[in-house]
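Listed features, source TrEMBL:
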- 24-459: domain 'Amidase' (DOMAIN)
- 78: active site, charge relay system (ACT_SITE)
- 153: active site, charge relay system (ACT_SITE)
- 177: active site, acyl-ester intermediate (ACT_SITE)
Ligand code: GLN
């Protein structure tokens with residue numbers, strides 16, 4: 001069953017000609033047919049393109065040409081990341097039928113490394129949400145319990161990796177959208193340091209907060225995917241110079257447990273986090289409690305900034321330059337514009353309206369600037385903590401995966417689930433979610449590691465130290 005293999009096993013097998021990329025891709029496509037009716041993780045399956053890419057790669061290998069580090073590996077791409085010739089919709093009516101004329105830099109780099117795009121993954125409309133319920137394509141379901149949410153907004157990415165429809169996936173993380181579904185689906189998900197990965201071709205939600213991040217079933221696969229796509233890009237001037245590589249190994253480090261994160265979590269979650277703390281201590285890490293008092297302002301600050309940026313970014317969708325054909329009766333600008341934009345979903349509209357409000361004169365200082373001050377405060381607190389600790393740990397999500405429909409009508413309840421993830425986005429630091437265990441009723445719980453800017457290597461070492469002894473990795477019965 002080749003579809004069960006992790007990315008590193010696929011790349012080795014293909015390169016050593018133990019099996020062909022084409023055989024593997026065929027098995028992946030069959031697997032997708034079997035599980036997709038249950039999980040609804042993919043909005044487009046690139047069957048023909050994937051088989052063609054696999055054949056081309058097999059030929060290259062037969063001809064003795066070098067194959068990349070991700071040779072043959074099936075990858076799903078969140079549907080807000082541009083893929084040349086493959087429909088990219090952001091799960092929104094606004095981008096119905098939109099086929100990008102170019103690849104995002106991250107997609108191109110993964111393909112150059114040998115990865116094969118198997119399909120596009122479901123998400124909350126324009127990546128705004130935490131459950132994948134705000135998708136025009138219907139909700140993705142958690143592979144561990146299909147009556148529950150997979151997390152979001154990159155729910156399709158995490159669910160497709162957990163359900164063995166691909167070995168790795170790309171999501172985007174503005175306030176936790178890679179880590180939340182990784183935690184809920186028991187896979188590994190990373191948000192890189194701001195500026196490590198190109199955003200060129202990622203359809204913007206809130207530019208100052210977001211990064212594209214990899215999802216995989218092991219820390220090593222996530223590190224290899226990050227290495228393949230990270231580094232400077234002339235098309236994104238926020239990228240930092242250099243091209244990193246990572247070697248994942250066990251390392252006794254200084255670990256701080258963020259007190260505020262565990263205190264507010266569901267006891268079933270904190271129990272697992274405390275036992276992870278003990279595991280790390282047994283592995284020789286120097287563990288202690290850490291405190292970040294300004295965490296209490298993080299969520300309000302995040303949603304203020306994210307909505308402000310969203311209101312500006314989404315102004316471009318007027319159904320003139322992008323989007324579906326509404327067959328308008330006449331082109332009077334105001335009514336046409338209003339009619340077009342009424343096609344956004346409720347959550348997106350809510351954010352555009354709230355975002356415009358916090359930026360309006362009279363309220364700008366009270367809300368937007370205040371939120372930016374919190375951001376500076378958090379950064380300062382973290383800088384000082386990272387002189388004492390190599391990594392900070394805590395729960396990725398304060399709660400267990402909940403039933404579909406439970407929070408969908410209550411925006412505040414929905415926003416609250418992001419308390420532990422938004423901190424890393426506000427501060428621009430890297431964070432990773434690693435499977436930490438399961439509740440009594442077999443629901444996944446994730447452990448989050450955060451490190452200082454551009455300290456991905458240290459974070460991988462800490463995450464791997466835990467992963468290699470905790471041995472939580474397994475797959476759901478589907
Ligand atoms: N749940 C958060 C939001 O709705 C995060 C989304 C994301 O990271 N894209 O804004």
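Just so it is clear, glycine is given a Cβ too, placed from its N, Cα and C backbone atoms.
TrEMBL entries are annotated by machine, without manual review.
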Those residues of the chain, 6+ apart, with a Cβ under 8 Å from that of residue 78 (active site, charge relay system):
120, 121, 123, 127, 154, 156, 157, 169, 170, 171, 172
From 78, 153, 177, which active-site residues have a C-beta atom under 6 Å away from some atom of ligand 1?
153, 177
Taking the Cβ of residue 153 (active site, charge relay system) as centre, how many other Cβ atoms lie within 10 Å?
35
May I ask you to report the DSSP-based helix, strand or coil state of residue 153 (active site, charge relay system)?
coil
Cα-Cα separation of the residue listed as 'active site, acyl-ester intermediate' and residue 153 (active site, charge relay system), in Å?
5
When the pLDDT values for the domain 'Amidase' (24-459) are averaged, what is the result?
96
Count the other Cβ atoms sitting within 10 Å of the Cβ of residue 177 (active site, acyl-ester intermediate), across every protein chain shown.
35
